Amino acid sequence: MVSRTLSLSMSLFRAHLVFYRCALNLNSSYNFGFLVAMTFVLQIITGITLAFRYTSEASCAFASVQHLVREVAAGWEFRMLHATTASFVFLCILIHMTRGLYNWSYSYLTTAWMSGLVLYLLTIATAFLGYVLPWGQMSFWGATVITNLLSPIPYLVPWLLGGYYVSDVTLKRFFVLHFILPFIGCIIIVLHIFYLHLNGSSNPAGIDTALKVAFYPHMLMTDAKCLSYLIGLIFLQAAFGLMELSHPDNSIPVNRFVTPLHIVPEWYFLAYYAVLKVIPSKTGGLLVFMSSLINLGLLSEIRALNTRMLIRQQFMTRNVVSGWVIIWVYSMIFLIIIGSAIPQATYILYGRLATILYLTTGLVLCLY
């Protein structure tokens, strides 16, 4: 039984990581999918290590984090690695998604695109849950503001809070979910790879080509080279950047009676935080936020229709879609800047314009 299981595992390993055929003209942008998987593994390793010392009790959570950083051997390295790798997870996912948009991967890799979108949503949820765990001022008030903005969702937010406000029960639930969700994410990554290899990966030319090589050693070596660069960047940021990616207010214990001057979540939340912030109605902001995510899902579903594929082949050029993707990227960067700004009238106006541009580009990509 053991030998049969081992033989099956090795056959799957050889099929997907040795003999799998991929196009010869793949460039470095195709390595970010592999980097996403590796950053997930690094996050799980550092997260489990940190969980040994963390206390999910409202009265002790902040003190346990400070004890971990100041007194535990190599504690600050693991915390900085965990926080820094979280940023690189989102950076790799966003670059991977942008490459998929730019090269039309969503039009004929529908199941792979949808599984990747589910992974993106799961990563956002996991990061938000982990953002609250240090139990500093910015974590507490950021969780309070964001859960308040998401409160129109029935049942979900009250169940997560465990009451009427962010409390000790909320912290315990966030810790448990933050521990479990990355393992679910690993399952989705495996499904994503399965769906990708089931249909075959795309290539920059956007056409089927007979020039294919085995995954090993060609692609595996390029993946290893990019992974070495990524690990170097992560360790440089973790060792020398330290708390640059965090907010100073998060080093202050929670005070329910003092609100920070400006609520600023992590940079990878800022685009969607800006969408929620610039819409005066909570329900309206939530609908726009959900629409921005649904747009990404509709891309693969609409483009899978034969009629849309025929229209694309007859009346559209590659440069049109590439141009709209570039506008989509710029609108998201602009939303990130607006999300980090103080909510004044000028920034709110620019944020609404950027939100309209972001949604419009998504709809245009769906129609094309």
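In case you wondered, yes, glycine gets a Cβ from its N, Cα and C as well.
Listed in Swiss-Prot:
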| type | residues | note |
| --- | --- | --- |
| BINDING | His82, His178 | heme b b562 binding site |
| BINDING | His96, His192 | heme b b566 binding site |
| BINDING | His197 | ubiquinone binding site |
| TRANSMEM | 32-52 | transmembrane segment |
| TRANSMEM | 76-98 | transmembrane segment |
| TRANSMEM | 112-132 | transmembrane segment |
| TRANSMEM | 174-194 | transmembrane segment |
| TRANSMEM | 219-239 | transmembrane segment |
| TRANSMEM | 285-305 | transmembrane segment |
| TRANSMEM | 323-343 | transmembrane segment |
| TRANSMEM | 347-367 | transmembrane segment |
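Distance between Cα atoms for His96 (heme b b566 binding site) and His178 (heme b b562 binding site): 23 Å, as a whole number. Only pairs six or more apart in sequence are counted, and the transmembrane segment (112-132) with the transmembrane segment (219-239) gives fewer than three Cβ pairs under 8 Å, not enough to call it a contact. Within its own chain, the transmembrane segment (323-343) is flanked in space by residues 94, 98, 101-102, 262, 264-265, 267, 269-275, 277-278, 350-351, 354-355, 357-358, 361-362, 364-365, 368, which lie at least six positions past its ends and keep a Cβ under 8 Å from the stretch. The stretch from 76-98, 174-194, 347-367 with the most CB pairs below 8 A to the transmembrane segment (219-239) is 76-98.
Note: the Cα of His178 (heme b b562 binding site) and the Cα of the residue listed as 'ubiquinone binding site' are spaced 29 Å from each other. His82 (heme b b562 binding site) is 30 Å away from the residue listed as 'ubiquinone binding site' when you measure Cα to Cα. You'll find the Cα of His192 (heme b b566 binding site) roughly 24 Å from the Cα of His82 (heme b b562 binding site).
According to DSSP, His192 (heme b b566 binding site) is assigned to a helical segment.
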